[in-house]
Amino acid sequence: MPLARRRRNFQKHEVVILAVVNSNKSFLINFDDPPPSSLDEPFFLENAPNIMNMIYYLNASHIFRPYKVYGHFNQTTGKFYGMVNDLAQGLGDITGSALFVSEERQRILDYIAIATTWGGKIILKKPSMSYIENIYLMTFTGQVWIASLLVLITFGITLYILLNWEKHNLVNTGKNIKIKYSVSDATLLSFEALCQQGTTIESATISGRILLVFLFTAFMFLYAAYSGYILVLLQSTKPIESIKHLLDSRLECGGINISFIMDWYNVNKDPALRALYHKKLHKNRFLTLENGLARVQEGNFAFHTALSVSYIHILKTFTNYDICKLQELPGYLSINNGMYFGAPKTSQYKEFLKIGIMRTYEVGLAIRNKYKQSRKPKCYNEAGNFQSVGIYDCYTIFKLFCIGSFLSFFVLAIEVVTHKYLQKLKKKYAILTTRHG
């Protein structure tokens, strides 16, 4: 039997545990209970039950040493700071707060065992389809749009020719037509048929009326299909597929205000995550757990957070409708393959501590503690959810209305200026005619 396995009785020898916490009160709670969601440094409370089981297994005593930051390599000074620096100098035996792996840390400390933590991910509600895509264009394929436009133009040209033919050829036949139709009249009539709004224009011939009937009938089916598909898309959601997709979307982002998350973004080398940090996060977008998840519940907000306490808070405050719309994007664990307990390279206890932690895994205590603390919320009856239409769903419509209004006033201004100019020319011409007459 290995020496480290035989000499597992520390006889109450003190083990110094280094941990990142915001308050020393975190050391006084019952580690078997789910961690309070109000704590801003949740990873210690996830790891603490396994550390305590290791202490019991080794028959040791313990003392906690608190820190405010984990500690990273400072490129300017060439040194570490915080908990990692003190651990490397032998001021502690093991980290109670699990660490993520970096090349610089591996030079000064050993990772002795993986931590069974829920880790951190980016949580968000799947955004409305209309928030990500222009649903008013994606209802039909490009071929359908082109075919509809060609039909509209064909009908418009035919109506223009027919209506003006009636004007010129039905004189003295009892159907004297005094109105001359312009291109804009034919265009307006075509759009009236397209939008199923009816028209005041009436053809004097049977052939013209047949053309109008078929025009309105053809676009009635297109209008019904378009309206039905728009209704479906307004109730649809589209998941964000990647960090790059999140970066390019209109969604706002934030992170939980714990030093772990902020430090991780600073040292992460993934280009998409670094771009996300500099473009949408930075220092002014780190929020408390309650505020961050409240914004997630409102929608169109992505929050990088610790999953254990987030799941607890979600189960307490989110409705089934909110839970069914939740999705997760790769956060810390998906990029770095886990978090680990650290020990000094020169530690004479690290083999004992490693075996103690691994023993808690072998007997199932670690996974028991993980699922005892928190569970991922489940969705029930996703099909029964109903989504109200928001202002952003009508963004394209308002944009189109504003463009149309601007063009209308712009053309009106040109018409007014042109009319006044022509009136002045007429007056000048009248004066000149009077003088020379």
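Cβ atoms are placed via backbone N, Cα and C, with glycine included.
TrEMBL labels come from automatic prediction, so no person has curated them.
Summarising the annotation, TrEMBL assigns domain 'Ionotropic glutamate receptor C-terminal' to 143-404.
According to TrEMBL, the transmembrane segment annotation covers 144-163 (among others).
Look at TrEMBL and you will find 210-234 (among others) tagged as transmembrane segment.
Counting same-chain residues at least six beyond the ends of the transmembrane segment (397-418), those with a Cβ under 8 angstroms from any Cβ of the stretch are 136. Per TrEMBL, the feature transmembrane segment maps to 397-418 (among others).
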Report, as numbers and ranges, which residues of the same chain sit near the transmembrane segment (144-163): CB under 8 Å and 6 or more residues beyond its ends. 137, 181, 183, 185-187, 189-191, 193-194, 201, 203, 205, 207-208, 211-212, 215, 218, 222
Tertiary contacts of the transmembrane segment (210-234), as residues 6+ beyond its ends and Cβ separation under 8 Å: 128-130, 135-136, 138-140, 148, 151, 155, 158-159, 162, 190, 193-196, 199, 203, 387, 389, 393
